[in-house]
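K.L.:
Here it is, the structure, as structure tokens.
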Amino acid sequence: RCLPNYCEHGGQCSQSWATFYCDCNNTGYTGATCHNSVYEQSCEAYRHQGKTSGFFYIDSDGSGPLGPLRVFCNITEDKIWTAVQHNSTGFTRVQGAGPEKPYIMSFNYNSSAEQLEAVINSAEYCEQEAAYHCKKSRLLNTPNGMPFAWWVGRANEKHLYWGGSLPGIQQCACGLEESCLDMRYFCNCDADREEWTNDTGLLAFKDHLPVTQIVITDTNRSNSEAAWKIGPLRCYGDRQFWNAASFNTEASYLHFPTLHAEVSADISFFFKTTAVSGVFLENLGIKDFIRIEISSPKEITFSIDVGNGPTEATVQSPTALNDNQWHYVRAERNLKQTSLQVDNLPKKVLEAPAEGHFRLQLNSQLFVGGTASRQKGFLGCIRSLHLNGQKLDLEERAKMTPGVKPGCPGHCSSYGNLCHNGGKCVEKYNGYFCDCTNSAYEGPFCKEEVSALFEAGTSVTYTFQEPYPVTKNASTSSSAIYVDAVVSKENIAFSFLTSHTPSLLLYINTYFHEYLAVILSKNGSLQVRYKLSKDGLLIFTIDSGNFANRELHHVKINREGRELVIQVDQVLKLKHNFSEIDFKAIKSLTLGKVTDSLSLDPEVSKANAYGFTGCLSSVQYNHLAPLKAALRHPSVAPVTIKGSLTESSCASMMEADVNTATTIYSSSDPFGKTDEREPLTNAVRSDSAVIGGVIAVVIFIIFCIIAIMSRFLYQHKQAHRNSQKKEKEYPENLESSFKADIDLQNTVSECKREYFI
């Protein structure tokens, strides 16, 4: 039953009397026949799993013949970059290379050419940096000469243009931009000067990438030298992940070539619909067929017939699937099983019969979004359709098909929940992105903290717009005419890390001399202090511990009308209802030391004398992010910065501060850290002392053992000498004397052997 071997991708086949089994260990694939890749097809797919930047394996053709490839996914911005390293991404110096003895470097990407081509073809854009630093070393020998250097790309094709230029044009970037050092040449290096210069740019024509080899032939003259660098292959954009089509009528469909999948087939896609039923795809044979459909609002059915009669695998969802949200479907058929997976619901698996027909023979076109009979068509969107790892371009086919439109709007309805911390989901034609403008966080999902290091005296003040002149005699009710400066609530959130008390963390004041202050008292307790024109000073103290303990603490202060809620480290600490509150007409918000001469109560003044020394992170006030504005847009935002403000990571500082035993603290530094070399030196000295002590003990023990053994051997040798003297002085007869001599010789011989050992 293992001949032929139906275990795919190198799976090991074994058999019983009735069936065969596949061992998929260490193949990178899974399933009954090792058909399914355990890896995603792109970095874009990992991003939607909530992954952060790092090294991943991607399998560009899924269940296809190409194996997984290790890449670096840079998931730090809207564009998700995929980088493939090669064996020489740094600068390399070259001397002594000429036309007869050229310098040649070939690049190894630890992958096959087909794997790299699959990554490039599925991306929207790819590039490789090409840099050539030269001193009396020509590059392309422009304008009319034969090039002295060139690179080889895909299909082993030689290319005579350099980074920043266009294919077919023997120039460098400065030639296109008309900015070369010598305008007679199209590359800086072609001027052949004695001083160092360079030609650097990006190779971005996808059909020529990746760079597989570089050849240099002009560094063999006197004082001639060059240094080159070819960067890693970098691509962004998954052309297939958002490749979608919208089906507007039940009679509309897309058709593709016949699905050839006699012994194994897998089909995966996303769909979104409001219809109660419809066929996603269908492919017919003379008797055989394959079909996937939404048979009811809560059911997806996978039907197949290989000649033994129809088999149906149905997955039932507890909730409606026609909710206009994206849902994922994966259907698979092989010699052992027929299976259907919908979203994260339990997979439906049907075992294949041991006997009978097993080859799926189809001959019609593949219909997507409808059927050959043009009945029970699908209304809605289908995207990212894969058949046996092959990607079907729905958008390109939809452009020429009536009743079907390329693309599909409404991604935020499904993926908007991936935008965190107040980030807003914004639709794009081929996806979405998270707008973090009004969030205190940043990054592709608004989850990366924005934090800064404050020193004694550092102050960040955000000034609110004053839309109408405020006079000293203005009544509280008149503040209703304000726009930006008038608020009826405070939604405040921030994180802090410090070891200093007392400290003033946050201060908000109004045009009517009211204020809200958040301070750390001398004993490390947290205080929220409201000074109101009617109720006077209200103090709310959180004394559940010392918050100046060099640990990161998260504070949330929410006031909606008269109700105040304070949370610290995700734990509700206090709830209060004001009898009456009219905290309006906000003038400014200050982080750290308040520099303006204001009438503060004594406790706040005491804290303000020290300001704040430590790390503040992700400060949010209603829809504003004052700390982020100070760090990212200091020249545009109404922010005033005084003192030293250094961007840092509070979370990483806390991790680095866990082991403080070898750290020497200083009051001048926010966290008492001195020169990092000093703790390292102390650690080295400490380790050296321990190692020296151990070596001394070992040497002492060895000397003791040698002394004891030497004494024992000396005593043993002395005893044999005494025995020899006695035998010689008192022989009883010749025979006994002869025996004694023999014994003595043997003893001495044994003694010698023992002594020398």
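Backbone N, Cα and C define each Cβ position, glycine as well.
Automated prediction, rather than curation, is the source of TrEMBL annotations.
Since this is a predicted model, take the numbers as computed values, not measurements.
Pasting the feature list from TrEMBL:
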type: DISULFID; residues: C381-C408; note: disulfide bond
type: DOMAIN; residues: 1-35; note: domain 'EGF-like'
type: DOMAIN; residues: 34-86; note: domain 'Fibrinogen C-terminal'
type: DOMAIN; residues: 243-408; note: domain 'Laminin G'
type: DOMAIN; residues: 409-447; note: domain 'EGF-like'
type: DOMAIN; residues: 459-650; note: domain 'Laminin G'
type: TRANSMEM; residues: 689-714; note: transmembrane segment
K.L.:
If you count Cβ atoms within 10 Å of the Cβ of C408 (disulfide bond), leaving out that atom itself, what do you get?
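P.N.:
By my count, 25.
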K.L.:
With a Cβ cut-off under 8 Å, give me the same-chain residues at least six positions beyond the ends of the domain 'EGF-like' (1-35) that come close to it.
P.N.:
57, 59, 63, 67-68, 263-264, 266, 332, 334-337, 354
K.L.:
Per DSSP, what is the residue count of the domain 'EGF-like' (1-35) in each of helix, strand and coil?
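P.N.:
Tallied per class, the domain 'EGF-like' (1-35) gives 0 helix, 10 strand, 25 coil.
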K.L.:
10 Å Cβ neighbour count around C381 (disulfide bond)?
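P.N.:
I get 23 for this one.
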